[in-house]
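> Sharing the feature lines straight out of TrEMBL:
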- His188: active site, proton acceptor (ACT_SITE)
- Gly12, Ala13, Ala14, Gly15, Gln16, Ile17, Gly18, Asn106, Gln113, Thr130, Gly131, Asn132: NAD(+) binding site (BINDING)
- Arg93, Arg99, Asn132, Arg163: substrate binding site (BINDING)
- 6-151: domain 'Lactate/malate dehydrogenase N-terminal' (DOMAIN)
- 157-325: domain 'Lactate/malate dehydrogenase C-terminal' (DOMAIN)
Amino acid sequence: MSAQPVKVAVTGAAGQIGYSLLFRIASGALFGPDTPVQLRLLEITPALKALEGVVMELDDCAFPTLAGVEIGDDPNVIFDGANLALLVGARPRTKGMERGDLLSANGAIFTGQGKALNDHAADDIRIGVTGNPANTNALIAMSNAPDIPKERFSALTRLDHNRAISQLAAKLQVPVTEITKMTIWGNHSATQYPDLFHAEVSGKNAAEAVGDQDWLENTFIPTVAKRGAAIIEARGSSSAASAASATIDAARDWLNGSAKDDWVSMAVVSDGSYGVPEGLISSFPVTTKNGDWEIVQGLDIDDFSRGKIDASVAELAEERDAVKELGLIS
Ligand SMILES: NC(=O)C1=CN([C@@H]2O[C@H](COP(=O)(O)OP(=O)(O)OC[C@H]3O[C@@H](n4cnc5c(N)ncnc54)[C@H](O)[C@@H]3O)[C@@H](O)[C@H]2O)C=CC1
Ligand SMILES: O=C([O-])CC(=O)C(=O)O
């Protein structure tokens, strides 16, 4: 095992997602069995006692890869030297809310955390935002961390990506491993666009394999886009284990690289690709390598896809304007 542990900061560590995420990271799901990990866990003061209980459970697992745990309520301390920060801590929505309704409740969390990352994280920091509304929270953190390259921030649309793969695999009765080149465009919200026109099933075009535009438009897209609400309806609280799993998938692929002949969906800062205004944090198809990502270029976007992407991007622009109005970004 290498001597230097990777320092992973997780916020909202005593929450639902944290309860699944921490154990996966500590057991080596992110960095493998040969890399020790130090967990640095941030919570609000009233949740520190509960977090102490979670740490007792982490201790009780005797994970060979867990090289230590630090907990606290000060982001300046917890983010110190962090190589990876997973920003999960934020209020989840409840029945009847859209994720955008959380902007004013959660947005402010990400100004202070952006500043603390800017001042204390390690030079190689990568930041993944899971807390909702994830894209705009990532925009807030990025805007408050001027010394960290913008490419180091991403928001989680991997759960949507995984949901889209799973729905398509079930429809075509194939294993999920046969599905590649899935894309989620836009916002992690009900306007997101899961795109089957560039996805492949056993190397063949997925939309053609489905051959059913009605299913694609009226079943597939809304099922994926509204899956979070369906889980809240069924479980009484928002998705947690699947969100933790997607958070791991996203960070692992970002750091280790996406598979050959495939890509992943990540919400990253736009460079204007596909007509998405520069500076918005929008989901794109990306390839990754060694902690860097590149937007897949050259995909043909037909009128149907154009309309869907534009609608989701318009919502992102509205969210950006709203947080500007709230003074969370300049
Ligand atoms: N992007 C995605 O795909 C998904 C995002 N989410 C979002 O993830 C977030 C967390 O979800 P859960 O774990 O279920 O919520 P939860 O309520 O169980 O846990 C959130 C934790 O964050 C903590 N927290 C609040 N403010 C904080 C701060 N300033 N610093 C550090 N910690 C803070 C709370 O004390 C709480 O323990 C929610 O915003 C939820 O909507 C959930 C599922 C999927
Ligand atoms: O829907 C929610 O509020 C939680 C979430 O982001 C998801 O499950 O995708």
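A Cβ is built for glycine as well, from the same backbone N, Cα and C atoms used for every other residue.
Neighbours and distances for these, please.
All protein chains considered, the CB of His188 (active site, proton acceptor) has 32 other CB atoms within 10 Å.
Here Ala14 (NAD(+) binding site) comes close to Leu41, Glu43, Ala47, Leu48, Ala50, Leu51, Val54: these same-chain residues lie at least six apart in sequence, with C-beta atoms under 8 angstroms from its C-beta.
Around Asn132 (substrate binding site), the same-chain residues six or more apart in sequence whose CB sits under 8 Å from its CB are Ala90, Pro92, Arg93, Arg99, Leu102, Asn106, His188, listed in sequence order.
Secondary structure of the domain 'Lactate/malate dehydrogenase N-terminal' (6-151) per DSSP (helix as H, G, I; strand as E, B; remaining residues coil): 66 helix, 27 strand, 53 coil.
Taken together, the residues in the domain 'Lactate/malate dehydrogenase C-terminal' (157-325) have a mean pLDDT of 98 on the 0 to 100 scale.
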> Using a 6 Å cut-off on Cβ distance, which of the binding-site residues Gln113, Asn132, Arg163 come close to any atom of ligand 1?
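Among Gln113, Asn132, Arg163, near ligand 1: Asn132.
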> Measure from each Cβ of the binding-site residues Ala14, Gly131, Asn132 to the atoms of ligand 2 and list the residues where some distance is under 6 Å.
Asn132
> Which whole-number value in Å describes the distance between the Cα atoms of Gln113 (NAD(+) binding site) and Arg163 (substrate binding site)?
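Taking the Cα atoms only, Gln113 (NAD(+) binding site) lies 29 Å from Arg163 (substrate binding site).
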> Could you tally the C-beta atoms, other than its own, that fall within 10 angstroms of the C-beta of Gly131 (NAD(+) binding site)?
26
> Do you know offhand how many angstrom separate Gly18 (NAD(+) binding site) and Arg163 (substrate binding site) by C-alpha?
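Computed Cα spacing between Gly18 (NAD(+) binding site) and Arg163 (substrate binding site) is 20 Å.
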